[in-house]
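Input: a single structure, listed below in structure tokens.
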Amino acid sequence: MIEFKDVSKTFSLGKRDVHAVKNVSLSISKGEIFGIIGFSGAGKSTLLRLVNMLERPTSGTIFIQDIDVSKLSSKDLRTRRRNIGMIFQNFNLFNSRTVAGNIAYPLKLAGTPKREINKRVKELLNFVGLADKEKDFPDQLSGGQKQRVGIARALATSPDILICDEATSALDPDTTADILKLLKKVNRDLGITILLITHEMHVIQSICDKVAVMEDGEVIEDGNVFETFTDPQHETTQRFIHSVQSDLPSKQILKEWRSSGGGKLYRVIFKGDATNDPVLSTITKKHDVDFNIVYGAVRELQEKLFGNLIVSFTGDASAVQNVLNELNTIVELEEVIENEG
Amino acid sequence: MKVDWTTFWPRIVEATGETLTMVIATLIFGSIIGISFGLLLFVTRENNILENKLLFQILNVFINIIRPIPFIIFMVAISELTRLVVGTTIGTVAAIFPMTIVASFTIARVVENNLVSIDPGVIEAAQAMGASPLRIIFTILIPEALGPLILGLTFVSVSLIDFSAVAGTVGGGGLGHIAMTYGYQRFDGSVMLVTVIILIVMVQLAQWIGNTLSKKIMRR
Ligand SMILES: Nc1ncnc2c1ncn2[C@@H]1O[C@H](COP(=O)(O)OP(=O)(O)OP(=O)(O)O)[C@@H](O)[C@H]1O
Ligand SMILES: [Mg+2]
């Protein structure tokens, strides 16, 4: 659906060059919700704006539905853009137009007949749950309502792709959840491929199928959300994951644990099926060892379970070793080292 | 020598008409030229929808040269050009010419300033939907800036009333001419008073129309 091939974008600011996007190759398939996460200045917005050519690549090519968009004439590009809806962090609604006027605008650009426009606007207002706000002006709406109008407007010309630049970053947690739900509905019910960028891991966690992590203009890691979450390769990715789920108790608590004579701590990671069986209790019982879950959680990611527990074992030293060996064959296990946390 | 008010009233009415003609005609021509220049100035800016460094610089420098010149000096300075275009340097029509030039450049700046305050994200949203630059100018830039633009034009028309009086003193006719010849040179305080009152009423009226219109557009 969307394919970046070795794409770079450099801005020249006087003498200084800013390499906003560096040699990015990514492939986004039809029907996916693909999230790009990165800290501020990582180049996410620039990468996203390359999709609808608001920014032109310095090198590399971008294929959208097998068409090299960097080669399109400006007229063809304008037509292509109707197939790529875009929503923004600050909504970017037209203040001089009503809600209905905002949603009708892209349809007018496309030359849709007036009667059809009216029908489509009503349809979209119902879809985003704003049927009663038709005649309001943007400044009369809340943030969440504004973003709903933004989404309706982006969907007006029935695009195949929706790109979202930090669509929920200006919203409170409840409203964010509502908008994410709506985006999921856009993806599920309308089959629209969504490419979103964010700096919030929970956005990725709650709606994305695939994720790419960006740092300094480069994609440093990408893949399935479940795999990336449960087995992050890169330090930045780990930092993002810790932002939504700390996998260790605080330094303070660890210190207290150790000073009160607590034994060695182990991190036990369960993925998918392993979460269904009572592995810990079965194995410890077998070797006559006690276990104590000091910290941890089991959570759902892309409809699969993922557990991360910090456990201590008490019993005969060789029995504990046997437990560890056996556990290691079923789940991921590692010792929590002294200065972690 | 005092004027005879029974015969002088028609002169006042005529002069008021001349002043209104100068101001309204200038406002119309000045708006057409000024809004075009202002839009051009804005869209040719760096990173804007029709970026064009050369055109921007030419317009920008031109405006910066003309605008600081005091109107009375400007009017006299271009009198030869006025004669060439209008055929005379005396009368209402001859005054409209320099007034239009100055008004155009002032309005161009007012328009540019109002456009700059539009959130660039809004323009980008229109671009992302596939709107052409011309389409953006007429369906986004102008409607989005219209409220403050009308306030800006109101401000300009108030200064045009001022310019018309200046023009009047150097052969332009209108209330400025009356005030000058009867009020100033013949020391008739009553003429002065009447013209001043008419000018105040005009300014108030212009301000009221502008405020009402812009309020209606901005719905606040
Ligand atoms: N038009 C531009 N001109 C010059 N430099 C730019 C431009 N746009 C972006 N940059 C630079 O490119 C880099 C990446 O910017 P970008 O906006 O893509 O980051 P981001 O990941 O979206 O950050 P944020 O989370 O803050 O929005 C930054 O260093 C930024 O200053
Ligand atoms: Mg950004």
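Cβ atoms here come from the backbone N, Cα and C positions, even for glycine.
Automatic prediction, not curation, is the source of TrEMBL annotations.
The domain 'ABC transmembrane type-1' annotation in TrEMBL covers B:16-210.
Marked as transmembrane segment by TrEMBL: B:20-42 (among others).
Residues 37, 40-41, 44-46, 95, 98-99, 101-102, 105-106, 108-109, 163, 166-167, 169-170 of the same chain lie 6+ residues outside the transmembrane segment (B:54-78) yet bring a C-beta within less than 8 angstroms of a C-beta in it. TrEMBL lists B:54-78 (among others) with the feature transmembrane segment.
Residues or ranges marked as transmembrane segment by TrEMBL: B:84-108 (among others). Under 8 Å from some Cβ of the transmembrane segment (B:84-108) lie the Cβ atoms of residues 18, 21-22, 25-27, 29-31, 33-35, 37-38, 41, 59, 62-63, 66-67, 71, 74-75, 78, 152-153, 156, 159-160, 163-164, 167-168, 171-174, all in the same chain and six or more residues away from its ends.
For the transmembrane segment (B:145-170), same-chain residues at least 6 beyond its ends with a Cβ under 8 Å from one of its own Cβ atoms are 18-19, 22-23, 26-27, 30-31, 71-72, 75-76, 95, 98-99, 102-103, 106-107, 110-111, 113-115, 117-118, 176-180, 199, 202-203, 206-207, 209-211, 213-214, 217-218. For B:145-170 (among others), the entry in TrEMBL reads transmembrane segment.
What TrEMBL records for B:190-210 (among others) is transmembrane segment.
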